[in-house]
Amino acid sequence: SFVSLQEHAYPADELMPLTCRGRVRGQEPSRGDVDDALGKFSLTLIDTLDTLVVLNRTKEFEEAVKKVITDVNLDNDIVVSVFETNIRVLGGLLGGHSVAIMLKEKGEFMQWYSGELLHMAKELGYKLLPAFNTTSGLPYPRVNLKFGVRHPEARTGTETDTCTACAGTLILEFAALSRFTGTSVFEEYARKALDFIWEKRQRSSNLVGVTINIHTGDWVRKDSGVGAGIDSYYEYLLKAYVLLGDDSFLERFNTHYDAIMRYISQPPLLLDVHIHKPMLNARTWMDSLLAFFPGLQVLKGDIRPAIETHEMLYQVIKKHNFLPEAFTTDFRVHWAQHPLRPEFAESTYFLYKATGDPYYLEVGKTLIENLNKYARVPCGFAAMKDVRTGSHEDRMDSFFLAEMFKYLYLLFADKEDMIFDIEDYIFTTEAHLLPLWLSTTNQTISKKNTTTEYTELDDSNFDWTCPNTQILFPNDPTFAQSIREPLKNVVDKSCPRGISRAEESLGSGPKPPLRARDFMASNPEHLEILKKMGVSLIHLKDGRVQLVQHAVQAASSLDAEDGLRFMQEMIEISSQQQKEQQLPPRAVQIVSHPFFGRVVLTAGPAQFGMDLSKHKAGTRGFVATIKPYNGCSEITNPEAVKEKIALMQRGQCMFAEKARNIQKAGAIGGIVIDDNEGSSSDTAPLFQMAGDGKNTDDITIPMLFLFNKEGNIILDAIREYEAVEVLLSDKAKDRATIFKGKTIPNYIIDSNLEMDNMDQKLSENDSQKQSSEETASASQGVDLASEEPEGGDSSDLAEPDPLSPAPAESDSVSTSNQDSYVPDTEASSIPNPECAQADNQPQEQKTDTESDSKANWDNKVPPMESILADWNEDIEAFEMMEKDEL
C-alpha cells in the first residue's frame, strides 16, 4: 500500500485505491467534514513516517523524510480541521522526528538529519495557534493554514461549537512540541483548553457532553459516552499523565473513569447517557470508535471490563467481517460503513501485551485475513461501503497506514524483530511515537495543580494505575478465558437484554418493567403496567392504538423513567418495521483480470426482475454496452448483448422499459449507469429503481443501478482490458467461492500461503505455551510487509449512507413538551420481534478454526436499514428525553 501511495497518489493527501489515483481536495466531489483532514500537505506520507521505522523499513523512511522536507508546503490557502491536522500531521512530523533522532543516534541511518521535521512541526504549530483566539481557550474547529481564523480571506472563524475530543486531544502533540523546541506557548494553550473542559464538566455526574460552545462553554450536545466526539479526550488525560508526569491529569482521568464505569459501562456494552440524567440511556446503539476503550482500560490496569467489551466487539466482527460504524444493542447494523478503522486492532494489541494470551494472536490473524479477503484491491485496501454486501468505497484514509499496520505488526513481532525498544515511547491517538524522556525535558510549565473539587473515590482499582509494579493477573492462565467464555455467543445465540437501571434498583423486589418487544395491547396485566409508567393507550376507529406518555402521571420517577424507555423501544420497533419493507443494496463484483473479485461496487436494487437475495449464486457474465446506449428502443446490437450483462445509461425512459428491451435482446442481466456526471455512492443516498406502474412479472433478469463514478470504473476497465466479467449478487462473494473449480490467480495463492505461515507461527506459539510452565508472553514474528493492513483514528464518524426511503404509510413520530408519542400500531398484535430476526439470519456459532477456513460471507445480510430514519429516530428520542423532565 505504501508503494501504491508512492506510485499512484503522491503528492496527494490520500490514495483512492479503486481508481488508482490520488485524492486532491477540490478535484473530487466533496465528502463534507471528512475532507477537512486534507490540506494538500501529503497527509498519508507524513502520517506513515514512523510506521516505516516500526516495520524496519529504514531506507524507505529516509527517502520519505527527504520527500517531506523537499516537497511539502504548509502555507496553503486551505481550511483544515484543527483536530485532524494536529493528530495526523503535527503528530506525524513529531513521530518522524522522534524516530529520526533515534536512528541517527544509532549511527547507521539519518546521519544527515538536523531536525528538519521538527522545524516543520513548529511552523505548523504556529499556524494552528490562531484557532485558540477565543475567550474560553477552546480552539475553533477549523483554521486556514495561510490566513488563520477570522481573516477576511480565511473562510472560517464563524463556528460556535466544537467537539470535546476536538478541543481535548491536543496536549500530547503540543506539549511534545514545546518540550522538543523549548517554546512553551504550545503546551500552555493545550493545557488551557483541557482546564476549561474540566471546569465545565457536569458536576453531579462528572461527565462531559459531546459538543461544547467555544465561547460560552455551554454544552450543545448533552449526551455522553466513550465513542465519537469524546473518545480521545479521556485517552489524552491518562496519557498526558504518563508522558508529562502531572498528577492533576491522572486525578481528572480517575474522576471521569469512575463516572464512566458507574453510568456508561453496562458490561459488555458501553452506552451513551445524558450528562444531567446519567441513569437514562441517550441512544440504543454504539459507534465503532469506542473500540479503543478496552486498550485504554489496559493502560489504566482495569483488565476485566476490557476483556468483556473487546470480546463483544470481536463477536460483532465475526458476524460481519468488519466492525460497522454503528450497531445496536442487539447487534444489528445501524450504520453499515467501515473505513478500515484501527481501534479494535489497537485494543487487541494492548490486551495481548497485558495478558500474553495467544487468543489475541488468533484475533489479529482474523483481522488480517478479513483485510486480505474483503478489503484488498489492486492499488491498496479499500474502505467498506457496506459490511453486509461487501461493497467498497474509493477511500483509504491515512490512519490505515499510520495505525492499523503498526498495531498488527507489533502484535506479532518479537522483541528481536524491532530495531528499537517500543516501551520507550507512548502512542498518540494516531499511534505516533513520542519518547517518554520528554517528561524531564524543557519543563517550562510549572506543575500547578489546577484540578479542584474532586470527589473522594472509593475505588481500589486505582491502585493498578500506571506506573504499576504489581502482577495484573493471578497465576492462572485461564483468567482471560474465564471472562470471555460467557460472552462467546453473545451476538449469534442470545438476545442481550441489558438490565434497566430501574431493575437494578428493584433487585429481587417487584415485577420488572415491561419491554416493548413483549407488549400485547390485549393483555390486561400489560395495560396496568403501562398505567403505572404513565403511558396511556388510545383505541382508534380503524383498529389501531396510539400510545402517549405523561411522565407526571407515572406512579414514581422510577416508573416514569421506565415509561420513557418503553416509548423509545416502541419507536425503534415501529421504525424498524418500516425499514424492513425497503430493499437492501446489492453488489457488482468485478471478477475478471486483474481484479479477480477484489473490487466490489455498491449497486442500487430494482423493485422488479430477479430477486438476487433469493438467488444466492447471483448472475455472472461478461458486460457489453448496448446500442442505443439509453436502452429506450429495440436493441440494435443483440449479437453483442446475448448471454451478457448489458450496460446502459439512465434517462429518457422508464427503467422497466430498458429491462424489457435488453431481455428481449437476450441479455442475462442489466446495469444502469447514472447520467449525472460525478455522482457517487460515496456522497449520494442509495438509489432504488422503481417499476413503471404496470405489472412487471414479465421481467425475469436482474437489474442493478450504479452511480456515475462506480459505472465509470467498469467502463474504464472495458477500455483497458476489453473483456470484463462481473458478478451481480445480493452481497460480495468470497473469492475462493468465485474461483471454485477455476484457476486461482497467483497473488491470491500467495496471500493464502502467508496465512499458512501465520498458522504455523501460531501453532509454534501454542506449543511453546504448552511446554512452558511460565505464562510470560512470547509472540511470533510475522512479516506483514507484503500484506500491509492499515487502519485509522478519527474523532468524526463516516457519514451515514441513507437509503432513499419509500413513502411511509405510518404516521410520523411527534413530541410535545410533556408527552411522548409512538406511531400507531395494531391493537391486538403489536409486533414481538425475535432476536434471531434482527439480522434476518440465525447463525450457528462457529469455532475459530471454521472461521479461518471458510468465511461465512453469504449468510450475513440483514435487511437494509434506513440510516436517515434511524437518525431522525435518535434525534426525536433525544428531544423527548430533553423535554420530558422527570
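Cβ coordinates come from backbone N, Cα and C, glycine included.
Listed in TrEMBL for this protein:
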- Glu84: active site, proton donor (ACT_SITE)
- Asp231: active site (ACT_SITE)
- Glu325: active site, proton donor (ACT_SITE)
- Glu343: active site (ACT_SITE)
- Thr429: Ca(2+) binding site (BINDING)
- 768-780: compositional bias 'Polar residues' (COMPBIAS)
- 785-799: compositional bias 'Acidic residues' (COMPBIAS)
- 811-831: compositional bias 'Polar residues' (COMPBIAS)
- 845-857: compositional bias 'Basic and acidic residues' (COMPBIAS)
- 626-713: domain 'PA' (DOMAIN)
- 761-864: region 'Disordered' (REGION)
Taking only the recorded positions Glu84, Glu325, Thr429, which one has a CA atom nearest to the CA atom of Glu343 (active site)? Thr429
CA-CA, which of the recorded positions Glu84, Glu325, Thr429 lies nearest Asp231 (active site)? Thr429
For the domain 'PA' (626-713), the number of residues DSSP places in helix, strand and coil: 20 helix, 16 strand, 52 coil
Please report how many Å separate the Cα atom of Glu325 (active site, proton donor) from that of Thr429 (Ca(2+) binding site), as a whole number. 18
How many other Cβ atoms sit within 10 Å of the Cβ of Glu84 (active site, proton donor)? 27
What's the CA to CA span in angstrom from Glu84 (active site, proton donor) over to the residue listed as 'Ca(2+) binding site'? 11
When neighbour density is defined as the number of other C-beta atoms within 10 angstroms of a residue's C-beta, which of the recorded positions Asp231, Glu325, Glu343, Thr429 has the lowest density? Glu325
